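Colleague: If you scroll down you'll find the structure; I have some questions about it.
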Amino acid sequence: MPWTVVNDGDGMPRIILTEPSGSSAEVLLYGGQVVSWKNDRREELLFMSTKAVMKPPKAIRGGIPICFPQFGNLGSLEQHGFARNRLWEMDSCASPLPPPKNQSTIDLILKSQEEDIKTWPRSFDLRLRIILSSGKLTLIPRVRNTDNKPFTFTLAMRNYLSVSDISEVRVEGLETLDYFDNLVQRERFTEQADAITFDGEQVDRVYLSTPGKIAIIDHEKKRTLVLRKEGLPDAALWNPWDKKAKALPDFGDEDYQVMLCLDSAAVENPITLKPSEEWMGRQELSAVSSSYFSGQLDPGKVLSAS
């Protein structure tokens, strides 16, 4: 069986996905949140805070929380909206699943709840398909307007990624793009660096109109995490660094050294749905071996130049 449901009696049932090459993923019904993704060598590719609170109604600091219907504080709702701290359900009316050959798929759904309608009076279905295959983890969110009037939302899949050392990581694919800097009242800047590196300061940005592929090159692990996305034009980048990390109660003081958030997002231009309309996005995370490592050139480039 490609997935199993585990219930430890803690009120947070989880789904374990596996596939033939040996990789696995763990998904909580609480938040519809992927909290673990391991490759075929059993290496964890997602970050989970050492102080994460795994108990409702708190949001869980790590994995891949879904920010809906609001990203960040860009609205009147709680930070990042309410979807990440609600109990989702297995979707019994999902569209036909892809063939199960060499992959594991699960469909979840969150419907508007009475407590949410008090603060966000809209009726919706938020569906999430999670697909685990060899070397890849794919998430497909869909939002349907089940109300009798239009509504507007922002959305992000917040990818807490595990890295060996944030000082040895670089991000490629965001060069020359405009971004909002959340540390200076969302002022707009243009990225000047050839590649983004991290050395001593908190980073909290939303890059705009980003490409469909962004890479995180981890020199120490000789590994590149690749994010591919559709329908999610923006990309948020966050690392709290030391001062902010110490100020967050659910974040370990030194955790910032081994994590980076790179989010697939629709933020700058909120999505509007008319009654019965549906929006769909997609992101695919993959991990590939990288020839980059500290202090050395990329051998592939050296060979092609000689």
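Backbone N, Cα and C atoms are what each Cβ position is placed from, and that goes for glycine too.
The following feature annotations were taken from TrEMBL:
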- Arg61, Gln79, Arg84: substrate binding site (BINDING)
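Can you tell me where each of these features sits in this structure?
Modeller: The Cβ of Gln79 (substrate binding site) lies under 8 Å from the Cβ of Gly72, Asn73, each of which sits 6+ residues away along the same chain.
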Colleague: Report the residues of the chain - excluding Arg61, Gln79, Arg84 - with C-beta within 8 Å of the mean position of the site's C-beta atoms, for the recorded substrate site, in sequence order.
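Modeller: Apart from Arg61, Gln79, Arg84, the close residues are Ala59, Ile60, Pro65, Cys67, His80, Asn85, Arg158.
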Colleague: What same-chain residues, at least 6 away in sequence, bring their CB to under 8 Å of the CB of Arg84 (substrate binding site)?
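Modeller: Gly31, Gly32, Gln33, Ala59, Ile60, Pro65, Ile66, Cys67, Phe68 - these are the non-local Cβ neighbours of Arg84 (substrate binding site), listed in sequence order.
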